[in-house]
Amino acid sequence: MAASELYTKFARVWIPDPEEVWKSAELLKDYKPGDKVLLLHLEEGTDLEYRLDPKTKELPHLRNPDILVGENDLTALSYLHEPAVLHNLRVRFIDSKLIYTYCGIVLVAINPYEQLPIYGEDIINAYSGQNMGDMDPHIFAVAEEAYKQMARDERNQSIIVSGESGAGKTVSAKYAMRYFATVSGSASEANVEEKVLASNPIMESIGNAKTTRNDNSSRFGKYIEIGFDKRYRIIGANMRTYLLEKSRVVFQAEEERNYHIFYQLCASAKLPEFKMLRLGNADSFHYTKQGGSPMIEGVDDAKEMAHTRQACTLLGISESYQMGIFRILAGILHLGNVGFASRDSDSCTIPPKHEPLTIFCDLMGVDYEEMCHWLCHRKLATATETYIKPISKLQATNARDALAKHIYAKLFNWIVDHVNQALHSAVKQHSFIGVLDIYGFETFEINSFEQFCINYANEKLQQQFNMHVFKLEQEEYMKEQIPWTLIDFYDNQPCINLIESKLGILDLLDEECKMPKGTDDTWAQKLYNTHLNKCALFEKPRMSNKAFIIKHFADKVEYQCEGFLEKNKDTVFEEQIKVLKSSKFKMLPELFQEEEKAISPTSATSSGRTPLTRVPVKPTKGRPGQMAKEHKKTVGHQFRNSLHLLMETLNATTPHYVRCIKPNDFKFPFTFDEKRAVQQLRACGVLETIRISAAGFPSRWTYQEFFSRYRVLMKQKDVLGDRKQTCKNVLEKLILDKDKYQFGKTKIFFRAGQVAYLEKLRADKLRAACIRIQKTIRGWLLRKKYLCMQRAAITVQRYVRGYQARCYAKFLRRTKAATTIQKYWRMYVVRRRYKIRRAATIVVQSYLRGYLARNRYRKILREHKAVIIQKRVRGWLARTHYKRTMQAIIYLQCCFRRMMAKRELKKLKIEARSVERYKKLHIGMENKIMQLQRKVDEQNKDYKCLMEKLTNLEGVYNSETEKLRNDVERLQLSEEEAKVATGRVLSLQEEIAKLRKDLEQTRSEKKSIEERADKYKQETEQLVSNLKEENTLLKQEKETLNHLIVEQAKEMTETMERKLVEETKQLELDLNDERLRYQNLLNEFSRLEERYDDLKEEMTLMLNVPKPGHKRTDSTHSSNESEYTFSSEFAETEDIVPRTEEPSEKKVPLDMSLFLKLQKRVTELEQEKQIMQDELDRKEEQVLRSKAKEEERPPIRGAELEYESLKRQELESENKKLKNELNELRKALSEKSAPEVTAPGAPAYRVLMEQLTSVSEELDVRKEEVLILRSQLVSQKEAIQPKNTMTDSTILLEDVQKMKDKGEIAQAYIGLKETNRSSTMDYQELNEDGELWLVYEGLKQANRLLESQLQSQKRSHENEAEALRGEIQSLKEENNRQQQLLAQNLQLPPEARIEASLQHEITRLTNENLDLMEQLEKQDKTVRKLKKQLKVFAKKIGELEVGQMENISPGQIIDEPIRPVNIPRKEKDFQGMLEYKREDEQKLVKNLILELKPRGVAVNLIPGLPAYILFMCVRHADYLNDDQKVRSLLTSTINSIKKVLKKRGDDFETVSFWLSNTCRFLHCLKQYSGEEGFMKHNTSRQNEHCLTNFDLAEYRQVLSDLAIQIYQQLVRVLENILQPMIVSGMLEHETIQGVSGVKPTGLRKRTSSIADEGTYTLDSILRQLNSFHSVMCQHGMDPELIKQVVKQMFYIVGAITLNNLLLRKDMCSWSKGMQIRYNVSQLEEWLRDKNLMNSGAKETLEPLIQAAQLLQVKKKTDDDAEAICSMCNALTTAQIVKVLNLYTPVNEFEERVSVSFIRTIQMRLRDRKDSPQLLMDAKHIFPVTFPFNPSSLALETIQIPASLGLGFIARV
């Protein structure tokens, strides 16, 4: 879609702001093309009219959706521009406390100015071996990527760290080197990785200083090459330095310091060895007090000095050389205090015996007078002679400072050389990783030569960076085969040409330095003449002639020319250098030896470093040409050459970029200044990377990721089998403009803004779906709530209405009665009152009416008379006025008429003359006459009507007059009556007044009486209430005291119990800690013991064995999976001592070197040893085969007969034992069982008796078969002559034991037939006879199998019955629900009923569909599993058939030898002991331990059989009282087990097998020790087998220690197996498909969470857990020990999952929390299935469970914070805050966690005392215990199978 279409109402944009750089706003209306103004609403609440630029008409930048804000990679943003980058960095830095962010190939690191716990060993292990996009951005991720690419691509790498001073470059480089040192390890005798790290404190002390911007600012650039061998282990390092800031030695600005080493020396001045330096406080030296800030907060210079000296010692700098360095440094300090006194303006002198100069000369070993002379004079050489000239005080001071700077620079280079020599390795370097810690772009108010060189270096680095980014973009497009369009990017080659080309700035500067009278001003004029107005990048300031401006890629910089020439020459007086060279102090002349050598600009020193500063010292006698030649070595020339060498090195490597950003200039922690950040982002190239990415297709998705993310935008018909085609079809519908995206081979490329548009469509679709779901759910909930409330309201109403009705009826009855009473009483009172009032009223009315009538009469009379008078007067006046008016009117009419008549007459006369006029007048006159006649008639009618009305009015008037007369008479009568009534009223009023008086008096008396009564009553009530209150208080006090007594007693009891529990827990913890400490020590002891054995064996082997190669582990397998410091392809047999466990104490040099050489030999000879061992095993097997073939030729018949007799006797004894056990079981059931159980009619009794009967019948059948077979054997014996045709009994026993099926038996007898060609015996008969014992064993196994099948079938039936019951219950509930819905639907109108039924049907079908999908998935899994098993079985069957076809010939199936039968012997009573000869001990150990295959033993034999056999042998030795034999056997056993575990220590089955047997051997030693504590559970027979002669308690301890070692090895093995599965299965794989969406990930693509073929899933983990559990169960491991192993496994799973969750922002979302909780529930289900819920394994997952809950809970209010604090008790405060900071919404409707909420959590958890460590210790092993577990197996019943090859031992 077009960009302008996105500017709709409510769209958010960025507008420029002078304070905040960019400010967010919201559109108030849609933008239309042509609009010149945008109406915006700012976030602070104000509205704004934003005017567009009339020329460009450029719209403001769009803001990214909230779900993309805070992304790990800036290139994952849909809108790529400066405000988006700035906002993303600010949100990550301020809100999430994340200092690292990817920007494509660049890692942006923001200095937090605070120590963060993200650089520990656990973090290194977590990042090791991981893909760069899988984990959150980190410097370790960049280092791991470089290390991985070096091993994978066989190409050197470089890490370029740049940034401003104070941005954290040095710290980043240091952590990168620490990572390499930790993960790679050392390949030589000396620990090179420690030396590489030790170089940091040395270089920081001599090259770092405090500035206003940084407390530990690097004042030089350095490039460290870390060398690796072919196995990618560190073998050495090399350092190059660039542009040391020498001026800091003699001058520091305010609030700054000199180099750290000077202050460290002053802080250590009181040490005895430093007294000769005569140092003092830093404020006493001129070179250390100028800044006025000698201390750094939080830094102890004395301790730092100790670290520096320790590092020097580690790097091989001897004590004498260290003291020499300190002497030179102290001399520089004293030299700075040398003062000069002026003689005149051109000369100066030094005071005699000047103390600072004396100390300087003593320390330097030079002559005082000579140094004093040359400090105040200089030598001038001309072509013919030489002059000695005095210098002024200012010149002398400058010369002194120049000498100090020169000495320090030489010392700096000398230290760098020696550090490189210490890090140099004699082993050939295979590859290297370079770490470049170099200054970033700088611009100050005054910029000089140093800033010019720094910015020149940054121009070169930026050019290399731009080309690399451009190249990567081009390669990506070409690889995906999409159209490549040229992207225009900033090329700073013109700026570089301006600086370094011919006649460039540096060239002109060097030329000016050669001129005799060259100055800064003349050089400036040359610059103006050469470049001004010719180069667009060069400008001249308006107000200065001594400065120039260069337009760098980052900004314009104005450089002051003053000091350029002097700094470029870097001269020092030759005579002073000569004095220093003549020093008696041996080390000092070494510093100046390099000056005597001619070194080319591109040559390097022995350390590989190109010197950047060469001081031209003028000799007294020399050729002028030579002097000129030395002058050519200027600082700028050297810097340019070293920079070219650096660029060549970087171009030959794969670069990795780290851009350090300084967030503010005040070193405030986690404070972000937008202006400063934008300046640095522009300067370091981050925005250029963004611009290049935005110009093309910045957003890239794989087809699978796009399908997973935007599946919601597709319809079902759009989804095809081909994901690629599906995505193409959908995109063509969603985005019509095809230029906005491109389809690659594996990815879809989008232009900027398109992903935001797709996200908007997706969010709208999801929002609509959510609203629909919410509508339905809320409606259902409200309906349910309404129905519940309705039922409750109806019930309440029923009861209330009934109560009200009863009350109302009662009220009506009472009201009716009261009304009746009131009616009669009121009637009486009213009637009486009415009569009195009526009489009075009549009297009053009579008087009043008379009075009123009289008054009315008088008024009417007066009015009548007045009317008559008025009538007369008004009539006269009217008549008079009328007459006058009529006269005047008539007069006027006459006059007017006369005038009109005259006019008319005149007109008539004129008209009369016309005939036509006359005619017209005549016609009009007729009409007028007729009209007048009609008017006359009408007037007559009106007159008649008026006359009639007048007559009527006269009659009415007469009648009214008569009425008025009557009224007047009546009123006169009323007036008389009123006078009489008035008299009576006055008398009544007087009586009323008297009565009122009496009433008032009575009322006053009554009131006084009532007041006295009320007062008395109140006093009485008050007294009673007071008494009641006192009584209540007394009762309350009593109850309170009783309650307190009870509470105190309860509290005391609880306190005692709590203390007891706490003390118990503490004791348990102490015991566990002690046990863990002991087991760790034991592990260390065993490791050292194994190392000693290995070294002793290796001493006997040949020495010259080629070194094995190295193979880097895959990215999914990191080095933290192993306990060693490096990994190799021979890690299976290597046992490398961890680097952290190297002894730190100093040892004798000979022993140490010998030990290290032997260690090296171990790593080199392991493969050869393994190869030789395998070859030896193969040869031994060949020898055994050849011997077997030779011995098969003369077979012994008697041995076979003996064997057959033995087998037959064993069968009979087995039958007898089974019969005896059956009888005993019956007897026990009949005697000991409860009556209700053993009753004959009881079901359990019947079932058991039926089983016993069937077993008895089966035994009888087997006995008959044995008798039949015996008779057949006897008959065969009679028919066959005794011949020596059988093989050796031992070999036959082993062969028979190994036979598993009929085919193998046939093969075995065919092999015997080959050696008995002369025999004519019947093959079928012999085969039948030979199967006797095997058939019996097979029948026994069949019985067991049938029994187990019966039990399993019973369990399955019970489960099915339970499932059917549950199904019935669910059907009942469904039926009730359907009935309710039906009843509700019947009440609805028809339309609503239809809609409700449809909705119900849709819901039902949806649920059924989901159930069917689940069943289908389960069936698919089952089908896949069965197919795999079928393939395996088919393969095995094929192999067996091929083997049989190869070994069987047609003639071999005809005949077979017949075995004779011996007469059965009487069964012997065995004592549970095994006898062997002493010389057979090694053979016993070899067959039973060294060559035993655990799988065959675990499947076919009883668990723990080797342990039982060994104990029975020990019993026999104890029985013989042979202590030597006991000691020898136990020692051989323990050593052999160790050898087996050492050889096959990475095989879980082997380790589990021997852990189980070792524990069983230990339990046997305890069970049969004779101690009462271990004999409680023994039978009487077992107690008879106890040891009688020896106490083996010490050997029990040794075996316990061995078991602990095996357990720890078992844990390491299962950890190595599980670790690659955990992150993928628990975090990345979507167990619940579609819950978590895939977000854009930018250039750093993380591993896809879609399950591919090779991806581990949760099912993989569960299968592996099942495998571990089944193996341990097969080996007969103790249940308690299995629980401990499972607990350890679950701890590993939980710890690794939580650690990865804490380091991966993309995993911290609500949906991922649900995935984790589901996965954990599956693990818990596995525990329930295995009955291991009480093993403590679930508790180890508690931190992971709480972290998942934390991702899902509400995180807004204070109540939420309180709930989180109480819920997350297994997580530390750091982990809780980290999860909240990392929480990232995946969808639009999710919200981020506010900063205020996180602060609230921190405030609530500030009192919690927990570990500050962020990650869990995944390597932690819980202390193991071995609870005593006696065996119920009788020793005398144990049979030794022939397959073990133990025919030389005999049962006793």
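Yeah, the Cβs are placed from backbone N, Cα and C, and that goes for glycine too.
Annotation comment: TrEMBL describes Gly163, Glu164, Ser165, Gly166, Ala167, Gly168, Lys169, Thr170 as ATP binding site. The coiled coil annotation in TrEMBL covers 915-1105, 1155-1231, 1336-1436. Residues or ranges marked as compositional bias 'Basic and acidic residues' in TrEMBL: 1136-1145. As annotated by TrEMBL, domain 'Myosin N-terminal SH3-like' applies to 8-60. For 69-763, the entry in TrEMBL reads domain 'Myosin motor'. The domain 'Dilute' annotation in TrEMBL covers 1531-1807. Taken from TrEMBL, the feature region 'Disordered' covers 598-632, 1105-1145. If you look up TrEMBL, you'll see 643-665 marked as region 'Actin-binding'.
All chains included, 26 other C-beta atoms sit within 10 angstroms of the C-beta of Ala167 (ATP binding site). Counting every protein chain shown, the Cβ of Ser165 (ATP binding site) has 19 other Cβ atoms within 10 Å. Helix, strand and coil residue tallies for the region 'Actin-binding' (643-665), in that order: 9 helix, 8 strand, 6 coil [DSSP]. Listed in chain order, the residues near the ATP site other than Gly163, Glu164, Ser165, Gly166, Ala167, Gly168, Lys169, Thr170 are Asn111, Arg213, Asn214, Ser217, Ser218, Gly440, Cys660, Lys662, each with its Cβ within 8 Å of the site Cβ centroid. Taken through DSSP, the domain 'Myosin N-terminal SH3-like' (8-60) splits into 0 helix, 24 strand, 29 coil. Of the listed binding-site residues, namely Gly163, Gly166, Gly168, the sparsest CB environment within 10 A is found at Gly166.
Cβ neighbours within 10 Å of Thr170 (ATP binding site), excluding its own Cβ and spanning all shown chains: 23. Cβ-based neighbour count (10 Å, all protein chains) for Lys169 (ATP binding site) stands at 27. Per-residue pLDDT, averaged across the coiled coil (1336-1436), gives 71.
Other Cβ atoms within 10 Å of the Cβ of Glu164 (ATP binding site), summed over all protein chains shown, number 25.
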